[in-house]
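I grabbed these lines from TrEMBL:
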type	residues	note
TRANSMEM	B:20-38	transmembrane segment
TRANSMEM	B:58-81	transmembrane segment
TRANSMEM	B:88-107	transmembrane segment
TRANSMEM	B:113-136	transmembrane segment
TRANSMEM	B:148-170	transmembrane segment
TRANSMEM	B:201-218	transmembrane segment
TRANSMEM	B:248-269	transmembrane segment
TRANSMEM	B:275-297	transmembrane segment
TRANSMEM	B:318-337	transmembrane segment
Amino acid sequence: MSFLKVEDIHTYYGNIQALKGISLTVEQGECVTLIGSNGAGKSTTLRSISGLTPARTGTITLDGEEITHLPAQEITGKGIAQSPEGRKCFQRMTVRENLELGAYLRRDSSQIQTDLQRVFELFPRLDERQAQKAGTMSGGEQQMLAIGRALMADPKVLLLDEPSMGISPVLTERIYETIAEINQQGMTILLVEQNANFALDVSKRAYVLETGKVAMTDNSDTLRTNPDVQKAYLGT
Amino acid sequence: MEAASIPAGPPASQRVKQLIGTYGLTAVLLIMPVWFAIQDLTDEGNLVRLGENLVAGLSNGAIWALVAIGYTLVYGIVELINFAHGEIFMIGSFISASLIVTLGLTVDSAAVPVFFGLLAALLLAMIGSGTLNVLIERVAYRPLRSAPKLAPLITAVGMSFILQNVGLLWKGGNQQGVPDLLNAQNTLFTVFGVTIENADVLSVVVTIPLLIVMTSFINRSRLGKAMRATAQDPEAARLMGINVDTTISLTFLLGGMLAGAAGLIYAMYQTTIWFFQGFTGGLIAFTAAVMGGIGNLRGAVLGGLIIGFIQQMSDNRIGTEWTPAIVFGYLVLIMVFKPSGLLGEQTRDAG
């Protein structure tokens, strides 16, 4: 029984079909990557799991419990947190307020404080900028905030949508080091990336999506040496 | 490398524009008070008349501020101008006036029953107007949330007319007198020759605590944070586990409650109510919200107070028939200098 199990989901935006039967699994403590070009359905897969764009057919289960048609806010309560595409930090709120909102559904205030310190240890930059408005920070800092905010929900599964988007290579490297660290601490992660190099480094397995379907799946190391993958996604 | 040759900072023309923007705005706002202050000083040798304008203006403006907050809160969260909001204010006046009549309170009632009667009227008007606002959102706006923006705008205008007609059926087409419980025009005390009337005190005593409670609720409470988060990014708010529908209902509830409170103050202040007060009052409060910067709470309060003051000066010295033209003239000038309003905040739409 897989921890997070997506079975044959079909998702639409209005009449346009974005996912044409995606199935995937993520085991507890694992880091799995979805790679693929623009429009392949990577973000839509994450949006279907988190309930922002619910799947029309198919099922999604977390730890044996079906969550396919729950509203997004309840899926968060079940233990799935997402750092969304484009980061979506609350621009006019401070870093600290953003992080506190990440823990919106939690009542265990002492544990929340512990997790806040943990996020600050993972991202010292956020600690320095606690009182700064999110909208005044750089893209990379906002990405750290979005990941930190998702961690504040104390999730069972962390969904990360393109953490490298619009961020300098140096900062991307730093963020990926932190993602690897979070995974080593035991967090289950489902990662989406267009820029596959870093993503294949931190993940154990990967799925390659093409036009709303799974085209290939294998261990990250194996995929890295696959000539088709190298040509299409690794730029080598 | 090329960028290095370009001088830092905005170009001169831009800087001049910014200067005009900041100082021009202040100048525009000060035209009337300064002009009348000079006039008063030369004619009377003191500023008592201007002071009286200010007091009456602020206590009137407090009513507009309370109503304006409802426009600004709702706009902030669903980016809709709730045109029915003026009518929510009118219904608040009607509810409180009816309760006062039902309780049998009159000018001659003793202080204690008047106090508790007013308190009951305030609570009932707030609950009634708040609930009505929530119902309107549920029936006329929520089903249209993903529809084009014009659709809920039209249903808002529709709700406004429907409620006006409810008011017309309820109290008839003429202005209705409300028992003058407070002896509203009675001078309570004078400060530096400026008379403070009972109604002014009521206005301040009701408005200031409400504003304090409201702002601390929005800034500090968990639900208040949920409201702000939803206003800034509804989708991200859902990812935090915030129920966006409930949060929007809460916003309409708060806006409606403040409009209900404003309805009671208006009824006691003017001692007359009628079904059309929501249309004119709503328009003025909406103007206040836009003037202050729609979406900004403090802006709505500031806009309301400024408009109250302008109205009072104009009514008292220029003539009531000119007041609307002067108020909207001010609005146009302010918008020209600062299109986002006095304390304009960036909204989702504006970027």
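The backbone N, Cα and C atoms fix where each Cβ goes, and this holds for glycine too.
On a predicted model such as this, the values are computed, not experimentally measured, just so you know.
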Looking only at residues six or more beyond either end of the transmembrane segment (B:20-38), which have a C-beta under 8 A from one in the stretch?
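Sequence-remote neighbours of the transmembrane segment (B:20-38) are 47, 49-50, 53, 306, 309-310, 313-314, 317, 330, 333-334, 337-338, 342.
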Does the transmembrane segment (B:201-218) reach the transmembrane segment (B:248-269) with at least 3 CB pairs under 8 A, where each pair is 6 or more residues apart?
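They are in contact.
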Which stretch from B:58-81, B:148-170, B:248-269, B:275-297 shares the most C-beta pairs under 8 Å with the transmembrane segment (B:88-107)?
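Maximum Cβ contact count belongs to B:248-269.
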